[in-house]
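Chemist: I have a structure I would like to understand better, so I am pasting it below and will then ask my questions one at a time.
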Amino acid sequence: MEDDSLYLRGEWQFNHFSKLTSSRPDAAFAEIQRTSLPEKSPLSCETRVDLCDDLAPVARQLAPREKLPLSSRRPAAVGAGLQNMGNTCYVNASLQCLTYTPPLANYMLSREHSQTCHRHKGCMLCTMQAHITRALHNPGHVIQPSQALAAGFHRGKQEDAHEFLMFTVDAMKKACLPGHKQVDHHSKDTTLIHQIFGGYWRSQIKCLHCHGISDTFDPYLDIALDIQAAQSVQQALEQLVKPEELNGENAYHCGVCLQRAPASKTLTLHTSAKVLILVLKRFSDVTGNKIAKNVQYPECLDMQPYMSQPNTGPLVYVLYAVLVHAGWSCHNGHYFSYVKAQEGQWYKMDDAEVTASSITSVLSQQAYVLFYIQKSEWERHSESVSRGREPRALGAEDTDRRATQGELKRDHPCLQAPELDEHLVERATQESTLDHWKFLQEQNKTKPEFNVRKVEGTLPPDVLVIHQSKYKCGMKNHHPEQQSSLLNLSSSTPTHQESMNTGTLASLRGRARRSKGKNKHSKRALLVCQ
């Protein structure tokens, strides 16, 4: 009865899963018996699941759920490309996937953490906030990631992108604990990062002799999938949650009947993450060789069949980022990523190059890491963008617009004049790609004007301006005397002042002809001195 009372009070024990790169619980899990009730106990399995929804009592809630940003602060359009500093493609690809993670980006753009953080230099959250803000607010540009992002990880050679990804996520999680170093493991799992990326595994062992049940819960930040025998992500997930028989040498030592007996072990997801990171195990742990096979993955993924409660309705996730490795080994090759901007358009992020893509191209890659977000979360962020972004400080929008326009002018001297209308700048920065933005500029640029009649008032009285017909053949056929007169006049020697005026007008006429070379209806001007 002692076990029963512990169970009813919800006092469960957990094993802290410290190695983030290996997310599947296995035999290394300590088997913690939370109950010794047989199968026919009044407390059924379903009842036990409902009772432990909160998993464990939390001494301190480090990031209350209500503090998560509820609406989007992200610009609708795609942001900046990232400069490769030398074998840093794995850094760039990982950072782009994190930058376009809606809950994380919204929190970073709210600047909530930096306003209360007292150790900005060594804080990964502050460093990521600065990076994400720069990347999203500089569309069409290429920025250089801060060296602090890979400090302690990058050693001048290419590393594994997934390892760097989880190194960054773990560092952000630790940055949530500067003033809470003495908190228990359960409270550490209430950080903002765990609320975004984290969930709990449930490893259940059922004794086939006495029907006693032992449950182990462990937190996760990503899920590793074995693809050796899987042709799709769904097949890999099915293999992950497939019951395993424990018998013979692997028989289970039951804590209820105190015997070694056959048992059934089942691994399921007990709580779901807002953002799901699925890692396809493409590289051998020994040789590093790559499993270069196509594994299908869907745009929408229902995770409900793999949960502890499989019959509670669909739990749909939508794809928003894909990290790809091109090459034959984890020691070489190239990393790039595909991300879905807030506007819904897919983009290929290949270091400094940012190009529009399609969902067909995205789903045809040999993916290494897949990023999914709960459909309800994505729709909520998308709806907030369609309604308009949150109010900002007075004048902040105009300041950002002028800054963006000034940067574009410095980078592109040909765009220095004239300035665009405000509504065109707004549309370009929020809804258009860089190419579309340049197209709009060219369409709305004021064309150079040259009207010879405006010059006539400045000419000396002894200079005559004659407008030749655009139909040369007409003058030649019907007015030969005018053609001859023009030739004679043009061959005469002008005075010094006339020569200066003639040269000036000829130069102006040349520029006008070049600027209007595509206008078939423009008239030619011929200067004749009397």
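Cβ atoms here come from the backbone N, Cα and C positions, even for glycine.
The active site, nucleophile annotation in Swiss-Prot covers C89. Taken from Swiss-Prot, the feature active site, proton acceptor applies to H334. Taken from Swiss-Prot, the feature compositional bias 'Basic and acidic residues' covers 382-392, 398-412. Summarising the annotation, Swiss-Prot assigns compositional bias 'Polar residues' to 493-505. Residues annotated as compositional bias 'Basic residues' in Swiss-Prot: 510-524. Under the heading domain 'USP', Swiss-Prot lists 80-375. Residues or ranges marked as region 'Disordered' in Swiss-Prot: 382-412, 477-530.
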Chemist: How far is it from the residue listed as 'active site, proton acceptor' to the residue listed as 'active site, nucleophile', counting Cα to Cα, in Å?
Modeler: 7
Chemist: Under DSSP, is H334 (active site, proton acceptor) part of a helix or a strand, or is it coil?
Modeler: strand
Chemist: I want to check the contact list for C89 (active site, nucleophile): same chain, sequence separation of six or more, C-beta distance under 8 angstroms. What comes out?
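Modeler: Q158, H334, Y335, F336, D351 - these are the non-local Cβ neighbours of C89 (active site, nucleophile), listed in sequence order.
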Chemist: Counting across all protein chains shown, how many other Cβ atoms sit within 10 Å of the Cβ of the residue listed as 'active site, proton acceptor'?
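Modeler: Summing over all protein chains shown, the residue listed as 'active site, proton acceptor' has 15 other Cβ atoms within 10 Å.
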Chemist: Can you see whether DSSP assigns C89 (active site, nucleophile) to helix, strand or coil?
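Modeler: Going by the DSSP assignment, C89 (active site, nucleophile) falls within a helical segment, counted as helix.
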Chemist: Mean pLDDT, the domain 'USP' (80-375)?
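Modeler: Within the domain 'USP' (80-375), the model's average pLDDT equals 92.
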